[in-house]
Every structure is written in C-alpha cells, then in structure tokens.
Amino acid sequence: MQTPSENTDVKLDTLDEPSAHLIEENVALPEDTFNSYWSYILNEIARCKPLMIMFLIPVCLVLLITFFHDIKGILVFLVISLILSIIILLIGITAFVSETLNKGFIIKLLVEVITRKPAVGGKEWRIIAYNMNQYLFDHGIWHTPYYFFCEHRCHKFFKSLIKQTRSNAHLSSPTNGAENTQSNTPAKEVSNEMVKPYIFSSDPVLEAYLIKAAEIHKEAEFEYWRKQYPEVDLP
C-alpha cells in the first residue's frame, strides 16, 4: 500500500512528464524548421560569435583571392592564410562541440534511451532528440535548441557513444596493469577492483547507465532484424 507521500510523488511525476502522444505531436526538430541542412548550419554558426568570426575570416580571404589572383606574391600569402584559417575553423568547431560531451549530457541521453526504449527507426528517437536539444539549451551547454538536426543524427550519436566508450574502456582497463603484476603478487593481495574489467567506463555510475542503455539498444536491433527476416528462426 502506498503512503500519501508516495501518491503525491507519483502525481507530481505524472504532471512533470506529459503523455507520449502529446509530446510527439509537439515535437519540432531543426529538419522541420529549416529549409535545408546548410541553412541550419549557417544559423548555428551565426548564433555563436566565436564560430562566426572564424567562419568570416575564410570567406573574406576567398574574396581577396578573387581580387588579387593576378599578383603572385599576394596570392600565395592569401592561399596559405586561407588554409590556416580553415584548419583553425575545423579545430574550433571540434573543440566547441566537444564541450557538450560532459557527464550530465551523456547520462541524460542514456536515461532517455532507458526510459523510452526506442525501436530502431522508431518515433521515440524524435522525442529523445527533442528532449536532448531542450536540455542542452536550457542548461546553457548549447547556444540554440537545435543541437541534433534530426532523430537519425541523435540515434547515430548514441551508437557512436556506445562504441567509443567501449573501446576506450578496453584500452584503459585495469586488467592490463593487473596482468603484469599478478606474477609477483599473491592472489589474496589483488583487490577485486584491480582485476575487474570495465565494459564502458571506469566511472561506476556512468558504467551502470551505459550497460543498461546498450542492452536496450541491442534488444531493439535484434527485434528490428527479426521482423525484417521472420523466416530465420533465431532464439
């Protein structure tokens, strides 16, 4: 039997989380708002002053090259400057985007996947992408509520996150160091933490969310391919 406080918590949770069909009806992703992907990219650049400056420099250099292409000395200087400015722009974009990959953002994405259990290509990914866009904007992590252009990019990001964290964990697994010390160390002195292999992350909290989300996604992919090829009877 639930206590009054538990009933209140359930009601509050229900109020805080609208029903799925209402969320789906109000979901508008950047692909629905912008005419094209390039107009979306230009909008994102225009909303961020550092990126805007780094973007305008190559544009100005291209214009200067068209005006001074007959003067060899100036042309060489401008071309070198253009190449360097493009490299700086790419580094700036990479650094700017990588700032969003903090623990809070990753756990929020994993919680969305665990809660909604999205099917492969399912509408749940639209809701997840929308919620993540709002989360990043509301917390000041991203300058617009348009981080994920569409649900497919959100899904692709999630899969790359699982793959990347898994490979990083294998490279930094404590068992690598433990194997080198076990020959000179009694078995009783080797702690359980020392020989425990990490599947995704050495952070136990992040590890738990990653494992659960990966299991849900694996089940969704298995179900998707089972429906695609029903004649193959898999266990």
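Note: Cβ is positioned from N, Cα and C throughout, glycine not excepted.
From LYS11, LYS163, LYS188, the position flagged in Swiss-Prot as ubiquitin cross-link is LYS11. LYS218 is the residue among LYS103, LYS218, LYS227 that Swiss-Prot describes as ubiquitin cross-link. LYS218 (ubiquitin cross-link) has a Cβ environment of 11 other Cβ atoms inside 10 Å. Within the chain, the transmembrane segment (73-93) has long-range Cβ neighbours (under 8 A, six or more residues past its boundaries) at 50-51, 54-55, 57-58, 61-62, 64-65.
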